[in-house]
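Straight from Swiss-Prot, the features:
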type	residues	note
TOPO_DOM	1-106	topological domain 'Cytoplasmic'
MOD_RES	SER17	phosphoserine
REGION	26-90	region 'Disordered'
MOD_RES	SER72	phosphoserine
COMPBIAS	72-83	compositional bias 'Low complexity'
MOD_RES	SER79	phosphoserine
MOD_RES	SER83	phosphoserine
TRANSMEM	107-127	transmembrane segment
TOPO_DOM	128-662	topological domain 'Extracellular'
CARBOHYD	ASN198	N-linked glycosylation site
CARBOHYD	ASN267	N-linked glycosylation site
CARBOHYD	ASN283	N-linked glycosylation site
CARBOHYD	ASN330	N-linked glycosylation site
CARBOHYD	ASN353	N-linked glycosylation site
CARBOHYD	ASN394	N-linked glycosylation site
CARBOHYD	ASN452	N-linked glycosylation site
CARBOHYD	ASN519	N-linked glycosylation site
CARBOHYD	ASN523	N-linked glycosylation site
CARBOHYD	ASN586	N-linked glycosylation site
Amino acid sequence: MAAENEASQESALGAYSPVDYMSITSFPRLPEDEPAPAAPLRGRKDEDAFLGDPDTDPDSFLKSARLQRLPSSSSEMGSQDGSPLRETRKDPFSAAAAECSCRQDGLTVIVTACLTFATGVTVALVMQIYFGDPQIFQQGAVVTDAARCTSLGIEVLSKQGSSVDAAVAAALCLGIVAPHSSGLGGGGVMLVHDIRRNESHLIDFRESAPGALREETLQRSWETKPGLLVGVPGMVKGLHEAHQLYGRLPWSQVLAFAAAVAQDGFNVTHDLARALAEQLPPNMSERFRETFLPSGRPPLPGSLLHRPDLAEVLDVLGTSGPAAFYAGGNLTLEMVAEAQHAGGVITEEDFSNYSALVEKPVCGVYRGHLVLSPPPPHTGPALISALNILEGFNLTSLVSREQALHWVAETLKIALALASRLGDPVYDSTITESMDDMLSKVEAAYLRGHINDSQAAPAPLLPVYELDGAPTAAQVLIMGPDDFIVAMVSSLNQPFGSGLITPSGILLNSQMLDFSWPNRTANHSAPSLENSVQPGKRPLSFLLPTVVRPAEGLCGTYLALGANGAARGLSGLTQVLLNVLTLNRNLSDSLARGRLHPDLQSNLLQVDSEFTEEEIEFLEARGHHVEKVDVLSWVHGSRRTNNFIIAVKDPRSPDAAGATIL
């Protein structure tokens, strides 16, 4: 009976145990009195209750399987017909070992072959990288104000130059081909974004006031002494700083690209011919005439012009670096002498004390994108404030263009008033507080609440101070195969700056006009204390190179934008960003569409030639005083969406060009 009871218990085990006994017939027979290893089971359950469940934990399953008593005879096996157990006389370990041995031999051969192949491919790739011809597998794009400089930027990229190398060469080229807009005697700002690292830096090389410059001196004599308008040029220091940070080719080689343009000659652009024709004879020095009007008359578009003087200067800078410009050499002495001869107060010490600034751009999130722009004394915060205000309106394709234009006009009135309160934060700590307010979404909502949807405000919502910026500026926009984006805007302020030119051919800027002082303008606008004249200070600036990237992640739309036209450039950038990011228009259409700009001093709403009479009538019905002009500003751009890149110039510019590397 005891034997029958035991058999009955074993049959019950075979019938109700969840164990598949075909999987344990090769296990060795265990002594019946072997104690159960209960402690390890408890430890595993303590670690993870779910994995400790015998139905789910493979370790627990195997341990419980070892506790089952296996039949000891064939008769016992036969007495359990319902059991799935089968007797085996093979040595389970020897059979398994032989089978594993075979499998291991085959696996070893396969793994060895794969490793050998992979090693060979890796060695070949490394040798190709180090000894093969260099190759570029991605696209690139260049946009500048002159076709010759755009092609030069492409040339630098094709010779394995970095995006910043291309930007430096193209910017120096514009100082040669478009001397009315930019040059070695001016300054600017460059915004660089590294897509792979998702990092951005801004190089600020805006001109600074000479140490001996005083407000009362400017107020009394600025119209008769052009030398007073000359600030310490930052162009050479800024471009060299950018190259030190991001350059790939040697500095001398980058400058040699631009020097070749000056030496070999270039075709006079339509814009340069127009600017020279508009220069009044009394404003031209004899040296200026010899340089730009060798025949005694303004050159025609397309005529060939050589600048061997600038080629020589660039050769010197390529060999000696910025020290040749700032450290008291011949170039420094010439610039100081030229400015002082025309009533200026700039000194050699001002040049030696100058430094370019490397800082972070200001940023704001707009429609799922991060907009990056220069901080004060530049007006990037006002640009972001305009976008923050517009973001709260229901601007979709279903909203009429006329209604959208009204909202844009009222928003820009606020943004430009905010811009007039900015200046150099090094000299006024309240500017940082003003900047923070401009970047605030809460503040934007408050300002938006003061905009009437159907009627123009009869007077500015905020106090407006004197607004006057450089009307001419040169733009360079690069999206390189190295996954860098570069946006740069530079200027001499007025066309040809101060009109003063050194014996070496360097035109000097007139950037001190961007400061504010009493009774400077004909309409007697209130001067801005934040932008008052002080030694070493940098004046308010509307140079706004702007980069847009996805707010999250690396995939999506990137933009590089620039504009000229001073305050009108801020208005233009705002409307282009609105068209691309809110209304989902392509970049070409966004740049071509008509733009407006509220002139706060005259209380006129200026619109360009692209506006229809119906649109003008609608705006006038809303209370706007509309003035139609030919062109407000040029806004160029480049766009990258994933791996597709396009370069687009503003169609209003007769000379600008965009080119894409395929």
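Placement of Cβ uses the backbone N, Cα and C atoms for every residue, glycine included.
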One should report the C-alpha separation between ASN267 (N-linked glycosylation site) and ASN198 (N-linked glycosylation site), rounded to whole angstrom, as 39
Taking all protein chains shown into account, the Cβ-based neighbour count within 10 Å for ASN452 (N-linked glycosylation site) is 11
Densest Cβ environment (other Cβ within 10 Å) across the glycosylation sites ASN198, ASN519 belongs to ASN198
For ASN394 (N-linked glycosylation site), the closest of the glycosylation sites by C-alpha position, picking from ASN330, ASN519, ASN586, is ASN586
The most crowded of the glycosylation sites ASN267, ASN283, ASN586, judged by neighbouring Cβ atoms within 10 Å of its own Cβ, is ASN267
What remains of the glycosylation sites ASN283, ASN452, ASN586 once a 10 Å Cα-Cα cut-off to ASN519 (N-linked glycosylation site) is applied is none
For ASN330 (N-linked glycosylation site), the three-state DSSP class is helix
By a 10 Å Cβ neighbour count, the lowest-scoring of the glycosylation sites ASN353, ASN394 is ASN394
According to DSSP, ASN519 (N-linked glycosylation site) sits in coil
The rounded CA-CA distance in Å from ASN198 (N-linked glycosylation site) to ASN452 (N-linked glycosylation site) is 39
For ASN452 (N-linked glycosylation site), the closest of the glycosylation sites by C-alpha position, picking from ASN283, ASN330, ASN353, ASN586, is ASN586
CA pair ASN330 (N-linked glycosylation site) / ASN586 (N-linked glycosylation site), Å rounded to integer, equals 50
